[in-house]
């Protein structure tokens, strides 16, 4: 009898805790109106595509356990879809967003409501358009706080400052893309980088709009840094101030201090900053980290960290006190970029798979398509070719008549094939002098199937075809553990012995070292069609992508949900 009472009491307490959890979760309803908006930068006004007339778009703030319903109303002249970058979308690929992968795009005049739940995630993520180059101006922060009463693994500051790094073209980005697609050449590089949508003091007609962040002496703030740029890894620093890194891609890290961070497109990094310097004005700045032998935007964007009540003028008639400028690494400082990345560690012992069921090896890199007429205006790449990119020599082509996920769910043939190779079809010296016969990839819409709950390891190997380069690879629907990396060709006999299987960093986007490799592991516990691609949008457009098809497990709770009734049609 006593044991029954004890059991009943424990059950009652558990039930109360469950209802308290339900009561603490909120449902957020938003409306995203996609519309052209006049935006003036670099002395000129452009009709930029925005959300709710804002550039950058609105910041979404939620807690772990909350749910969202975001209705996207497309009043622009382009097809669009929205991706909630880093949200796992468990069993719900219909809300993931990449056009022609998990949904057909939202056409002009149409509406679609993304419905999803935040499940066991917290930290800094973001959202952006996933339709061609619309994400150049259609993006915003997505901040997930812990459940009420849940602690942080570090002393949490009272104030957050979202820092969205972007790129700006002095013309319509869709026209930049259209020109590159026609000529086969590389797209024109951006004309400016931005911090929260503003280029900063170093660009023409930009000083008045420079973002200023007030801070009190002695105050510690958390900077939530997001690289929303299209095509460029960036170094970021604040003059005379140190950062304490505490999170990357919504996963906590063992804290460490640094003067500079390197952040690739798609990645997020949270840092703590304490105002412990002489009261004044200090530039925060971002400039390119460029590991490729290719043109890039070699400008610098700035904002100002301004101590409250600090003097801003030298005296009557003597002008303003110029902000202190940070020392940034050189644009090609791979040593600094690598040293930063190598210091990242998961904040505690990580639940990384110790054994693997799927051992995959993917080459990632550029390529060239030969032209029958090298003098054609459509063949203005190197030596009369067209640029391409591939994984395992397969250059991904988006379908047009249906999305991969819809075709997979409905069993519709002819949209994709499941013969993406698990290893390169031809093995070669990946980082050496590669024969020109291996520079031309094969085009196709190819996917690779994974069994539910299989332990997956992928080695991503950069190649020297065209140029070695840091490729920020993003996997939809998953977080993964970065268990190892190195330069040169991956050695399957010796390199795994150096893997970190204790506290590897957890990410959703990771760069391949230029001329090197990176190894990741994850458990395939989220059924559906999940895009894996380079987050440099030029490379994605050239085909540096593939799709994983993760099969259903057993029963409803291990299977993909039914598609929503308002899912857009092609």
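Placed from the backbone N, Cα and C atoms, the Cβ positions cover glycine too.
Features as listed in Swiss-Prot:
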type	residues	note
SIGNAL	1-25	signal peptide
CARBOHYD	79	N-linked glycosylation site
BINDING	83, 474	Cu cation 1 binding site
BINDING	85, 128, 535	Cu cation 2 binding site
BINDING	130, 476, 533	Cu cation 3 binding site
DOMAIN	159-310	domain 'Plastocyanin-like 2'
CARBOHYD	188	N-linked glycosylation site
CARBOHYD	298	N-linked glycosylation site
CARBOHYD	332	N-linked glycosylation site
CARBOHYD	383	N-linked glycosylation site
CARBOHYD	393	N-linked glycosylation site
DOMAIN	419-554	domain 'Plastocyanin-like 3'
CARBOHYD	433	N-linked glycosylation site
BINDING	471, 534, 539	Cu cation 4 binding site
Recorded positions 128, 188, 332, 383: which have a Cα within 10 Å of residue 83 (Cu cation 1 binding site)? 128
Ranking the glycosylation sites 188, 332, 433 by other Cβ atoms within 10 Å, which is at the bottom? 433
Residue 539 (Cu cation 4 binding site) to residue 533 (Cu cation 3 binding site) - Cα separation in whole Å: 9
When you rank 130, 474, 535 by Cα distance to residue 298 (N-linked glycosylation site), which of the binding-site residues ends up on top as the closest? 535
Looking at the binding-site residues 130, 471, 535, which has the shortest Cα distance to residue 332 (N-linked glycosylation site)? 471
Could you tell me the C-alpha distance between residue 476 (Cu cation 3 binding site) and residue 433 (N-linked glycosylation site) in angstrom, no decimals? 33
Those same-chain residues, other than 130, 476, 533, found with Cβ within 8 Å of the centroid of the Cu cation 3-site Cβ atoms are 83, 96, 97, 98, 101, 474, 531, 532, 540, 545
Per DSSP, residue 332 (N-linked glycosylation site) is which: helix, strand or coil? coil
For the C-alpha pair, I'd like the distance in angstrom between residue 433 (N-linked glycosylation site) and residue 393 (N-linked glycosylation site), rounded off. 16
Looking at the recorded positions 130, 188, 383, 474, which has the shortest Cα distance to residue 534 (Cu cation 4 binding site)? 474
Counting by DSSP secondary structure, give me helix, strand and coil numbers for the domain 'Plastocyanin-like 3' (419-554). 13 helix, 56 strand, 67 coil
Neighbours of residue 471 (Cu cation 4 binding site) among the recorded positions 79, 85, 128, 533, 535 (Cα to Cα, within 10 Å): 533, 535
Please name the residue among the glycosylation sites 79, 298 whose C-beta has the most neighbouring C-beta atoms within 10 angstroms. 79
